[in-house]
Structures are given as structure tokens and as C-alpha cells.
Amino acid sequence: MENYCILGNPNVGKTSLFNALTGSYEYIGNWSGVTVEKKVGKLKENVGQLIDLPGTYDLSPISKDETVVTDYLLNDSFSGIINIVDASQLKRNMQLTVQLLELNQPIYIGLNMIDVATKRGIKIDYHKLMKKLKTPIFPVVARTGKGTKYLLGEIKHLGEGYQPHFKINYGEKIEETIKNMCQIIMTETSHDKYQARFIAIQFLLNNMQIANELNSEVVNKLSSLRDQVAEQVGAVSVRREMERIRNHYIETLLQDVVTYPDEDKQYFSSRIDKILTHKYIGMPIFLAIMWLIFQTTFTWIGTPLSDQLDAFIGGTFTDSVKTIMNYLGVIPFLQDLITDGIIAGVGSVLVFVPQIVVLFFFISLLEDSGYMARIAVLMDRIMESFGLSGKSFIPMIIGFGCNVPSIMAARSIENEKERLTTILIAPFMSCSARLPVYALFVGIFFKENQSLVVLSLYVLGIIMAFLVSTVLTKTILKNDNAIFIVELPTYRVPSIKTLWRSTWEKAKGFVRKAGTFIFGGSVVIWLLSYVGPHGINVNINQSFLHMVGSFFGMLVQPLGFGTWQAGATLVPGFLAKEVIVSSMAIIYSSGDAGLVNVIQNQFTPLSAYAFMIFILLYIPCVSTVAAIRKETYSWKWTALAVAYPLVTAYVLTFIFYQVGHLFV
């Protein structure tokens, strides 16, 4: 099967094009740094496989995710490259395009965001550009799918009759050095003359990954030639001279291809950015937007829908299942397991799906509109005081959905210590798995202020992440503050299709977890409540679950929720935070009183909020722990990532409850 790779700058629509060409769905967002590892999909019409590589501005990698690109181009086998560029930022995007052309591999150029360029008054004669580069160019709008069908039909012809032809003349002295380097590379390695020229150029540009691919003897010979030409070039470094020549080539190339509007008019983006990223009013605007989202999720739309679903699952659905089981003569043990264990456990989590969907919809709306990238800029000023940059906030925002991709997104951070710090604080971001716990408790104890209470927990998670990062960056992970440079994407009206796909995929993941982790956890919790030292079908107070819960309940007694029931729900929370709610449904609903009534009797508003603080901050779930181990390659850092949140949660909850108890 033929392999094709898709490459481009960050946030030019690579993943949108990948989704359009393969029919799959990978997470997309209107900001840079969304793709941090290569993704593989099967092209429609069995054309071949398409590999979506992380966005990069240059083939000299400076961050972990960018090494994936250079490593793939050097070591993997592929039939051709699809280089997608932003038509509204063509000159800057051509920097990477030129480097890819120097590979002298079959290549198509996808001219994306033609609609944005047109709105800005930018005119591009892509036919003329195609003739100059002798490379096929396809105008597309990846977000809507316009032009992608034609591109798909042409991909199978990529490479047919291809003849390597691209070459930039870097001047007599540098070209002589490149020639000598090529001779060494072809003699000492298996690379042909075109690959050798590319390697020589990248070596002169100080691409360290290229150097790592060569043996030490070849590196020493090439380094000697580089030092010689550096003396000949004079005061200007070889790299800077080559970049100057390359920039001149691009300017000449685009001179009669791109026409810009006569006036340098102030676009809508610039005007709105002055307000949304303002150092004084930007943050209040962000908090107000988040409040509106939570108000819609918990008061206006989400909760009423959840109440209807709860009534259906707890009433009509459960009664129907009982009737069917009685008709079929199912033994009492299985009846109890299915109704009191599986339906009660899994159903108690599924009732929050409407709230999850509403929240995900609005988060996707903010992402696709381009607003989230502005928040990263806004937060950069604040995060600098805590030893981080705005680049760390992008993975943190992703953590609002799930902490696992949040940790993986830290690959885009160049500074290794800042990357590690971001990984360690990412679990403090309140993921969607914690939302059912919040929804349950705010619906019982804080009916009039549900959105404010939930917002306060999200803000608390961010504050704790900042405070911990301060400690880490001043002690074991000292680093110099990195300069945060981010490309602000154009504001755009979100695509209904994109919003639907994004919301659907996230909600589907939540439901899928209900069918795996939560299902398994519910069965185990019910069995532990059903079995005890004295046999089966025991009173829950004589069960193994009561024994486990009593031990942990004793430990959290000073935190305000020291009952055995609360203690028992904390343990399976390590599996998945949603299991806390399913465990409560099984434990608290085992008696005659309903779940809500029992919780009201065992918690107060103060202890309920303390419980939510603890759930927010204590140990990450098992999937997050696995992601931390994978990204840090260290059991030491993984152990720290498990231990310190638990200590932090205990101390902060203890302080909150004990101080609050003095006034309430």
C-alpha cells in the first residue's frame, strides 16, 4: 500500500485535510500544537495510507513533536508529500515548502484557506506559482471539504513521471562546500545525490537531528568543511547567509504571484484582539464566558435534560428490565447484579451525558472560533510569574476535556524542564470525568449557584497548578522563562459539521468509558457489597466493601466526609473518576432511601464542597498515570505525579474544611 505524508506549518489545516481525505476523525482545533504525534489513516477509495505529521515551521526540530517530522522524512518510506499551506500567510509558509522541495521527493502543494485569503483581499495566481515551482498545486478549503475530492483523485498519480528538479543556488562558496559534502555523504552512506544534497544543506543549517543520523566520522568531516566555509563567508554566519538567499528566492518567487490589498487595513481580528487580550479586561471576559457556559450546562439546558434521562433510566428502563428478567426466570443473584449493580452504577453516570455534551459543544465552539489561542496569550503574562509560559497553558486547556491528551500535548514545548513541569501539573485541570461528581453534588447542595460553584472548582484547579509549578520551577525543575511566540489564528465562524463531529467524538469517548471502566468498576463494587467474611448476600454493613470503606473513611475523617461510604468511593476513583458516582449510586441506593436523600443526610454544603475539592486534586486516574509514565520515561516522575496531588488534596481539603467549620 502506498504511503503519503501530509506536512505544513502549525494550524494550517493539516488535520482537517487528513479527516476529509480519510473519512476519519482526529481532534482539530483553531490553534497550533493540536497534532503532537503522527497519525495514520486509510485514504478513501483505497488510494493508500495518509500520515498526518505534527506541524512545524522548519525541518530543524526544536521541540519533541517536531523531531517526529524530520525523523519520518529521513527514515520512513513514503511515495509522496502533500504540503498544505495557508494561502493567507503564503510567504511565511513557503519557508517550509522550500525545504521540502529540496528533498526532491514527489510533492503536491495544497493551497488551503483560500476563502480567508479572499476575504482579506489577497489574490493568488496559483497557476503561475505552479509553473514556477514545476509542482502541482491544489486550492482547497479543508474545513468545509471544498476541493478535497479532486485532490483525493489526484493523489494516486503523485510521483508519476516525477523528475528531481528543485535547486536553490546558495552562492559559489557555499555551493562548492555542498558539492564536497555530497561526495563524502554518498561515499560513506547509501544516500543518492539528491538525498545527499538535502543532508548537506541541513547540516550547514545546524540541523542537529541530521547530525545524529550520521556516524561520527562523517560528522567530523562535514564539520570541518562547515568551519572552512564559515571563515570564507566572513562576519555573517553560514546559516544566516543561506536563510538570506532562501528569503530572497521566496520574495522573487511570489513577486508577481501574490497581490495584497492597497491598504493595510485593520482586520476584524486585530480590533477584537485588543479587547479579548487586554491585560485588564481580558481575564474578566474569559471568566464571564466560562460562567455562561457552566450556567447553560448546569441550569438552562444540561440539567433539565439530565433529569429527564435520569427519570427514564431509573424508572421506565429499570422497571422494563426487571419485568423481562422476571418473565425469563433469571435467578435473583443476576437480577440484583444487573439492576442494583450495572444499571444503578452505569446509569448513574450516563444520566450526565446531556451535561457533558453541552459542555463539550461550547468548548469546541471556543476552540474552533480561534478564541482559545487568545487565552494562551492572555495567560502568558500571568504564567510568567509562576515559571511557565503561555505555551504550557495550551495543554492545560486541552485538559478540560481529558488529562491524557493534555499530557501528550506537552510535547510541543521546546524547554524540557517546562515540558516536564506541564506534565506534572496537567492532572489538576478539571477533566470531564470529574464533571458527574460536581453535577451530582451541586444539584443537591448548591441549586441556586451551580455554575458559580463549578467555575470555582475549575479556577481552583488552575490556581493550584500555578502554585505547584512555582515550587517545581524554583526547586527541582529550575529553568529560564521561555519566550512565548504563538501565531494567533484568524477568527472564524465555527463549522456546524466540525462542532458536531468534535462534540460527538468527545461524548462518544465518555459513553465508551461507561461501557468499560465504569461497567467493570460497578460490577466489582456491587460484588464487594454483596460478599463479606460471613458469606454472600450479606448486609452491606457486613460486606468487604464496608471493611475497605471504613479504613479509608477513618483516614479522611478530618476532611469532613469520614463515612465508610465516602471512603469506599475514593478507591475506585483511581480507575476512572466517573466510577465515584457509580459507586455512590450502588452504595447509597442500597437501602430504602434514595440516593439524593442519603447524600443530603451524610453531607453538608461545607463537606460536599470539601469532597469536590478532594476529587479535583487527588491522584490522577490510571490512564493519566500511564500517559505520564509514557511521556516522562521515568517511574520516579510518575510516582511523584501520583504522590504529590494526593498530599496536596489532603492538606488543602483539611484546611478548607477545618477553617470553614469555624464559621459554619
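Backbone N, Cα and C define each Cβ position, glycine as well.
Here is what Swiss-Prot records for this protein:
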BINDING   GLY8, ASN9, PRO10, ASN11, VAL12, GLY13, LYS14, THR15  GTP 1 binding site
BINDING   GLY33, VAL34, THR35, VAL36, GLU37  GTP 2 binding site
BINDING   ASP52, LEU53, PRO54, GLY55  GTP 3 binding site
BINDING   ASN112, MET113, ILE114, ASP115, VAL141, ALA142, ARG143  GTP binding site
DOMAIN    1-161  domain 'FeoB-type G'
TRANSMEM  281-301  transmembrane segment
TRANSMEM  342-362  transmembrane segment
TRANSMEM  382-402  transmembrane segment
TRANSMEM  425-445  transmembrane segment
TRANSMEM  452-472  transmembrane segment
TRANSMEM  516-536  transmembrane segment
TRANSMEM  544-564  transmembrane segment
TRANSMEM  567-587  transmembrane segment
TRANSMEM  608-628  transmembrane segment
TRANSMEM  637-657  transmembrane segment
- Task: May I ask which of the binding-site residues ASN9, PRO10, ASN11, LEU53, PRO54 is closest to ASP115 (GTP binding site) if we compare their C-alpha atoms?
- Result: ASN11
- Message: Can you work out which residues elsewhere in the same chain, 6+ from the ends of the transmembrane segment (342-362), have a Cβ less than 8 Å from its Cβ atoms?
- Response: 293-294, 296-298, 301-303, 305-306, 309-310, 313-314, 317-318, 321, 401, 432, 435-436, 439-440, 499, 502-503, 506-507, 510-511, 514-515, 518-519, 521-523, 525-526, 578-579, 581-586, 589, 595
- What same-chain residues, at least 6 away in sequence, bring their CB to under 8 Å of the CB of ALA142 (GTP binding site)? GLY13, SER16, LEU17, ALA20, ILE84, GLY110, ASN112, THR148
- Task: Summarise the model's confidence over the domain 'FeoB-type G' (1-161) as a mean pLDDT value.
- Result: 89
- Query: Using Cα coordinates, what distance in whole Å links LYS14 (GTP 1 binding site) and GLU37 (GTP 2 binding site)?
  - Reply: 13
- Would you count the other CB atoms within 10 A of the CB of ASN11 (GTP 1 binding site), including those on all shown protein chains? 25
- Task: Can you figure out which of ASN9, ASN11, GLU37 (the binding-site residues) comes closest in space to ARG143 (GTP binding site), comparing Cα atoms?
- Result: ASN11
- Task: Given the cut-off of 8 Å on Cβ pairs that are 6 or more apart in sequence, determine whether the transmembrane segment (567-587) and the transmembrane segment (425-445) share at least 3 such pairs.
- Result: yes
- Message: Given the binding-site residues PRO10, ASN11, VAL141, find the one whose Cα is closest in space to the Cα of PRO54 (GTP 3 binding site).
- Response: PRO10
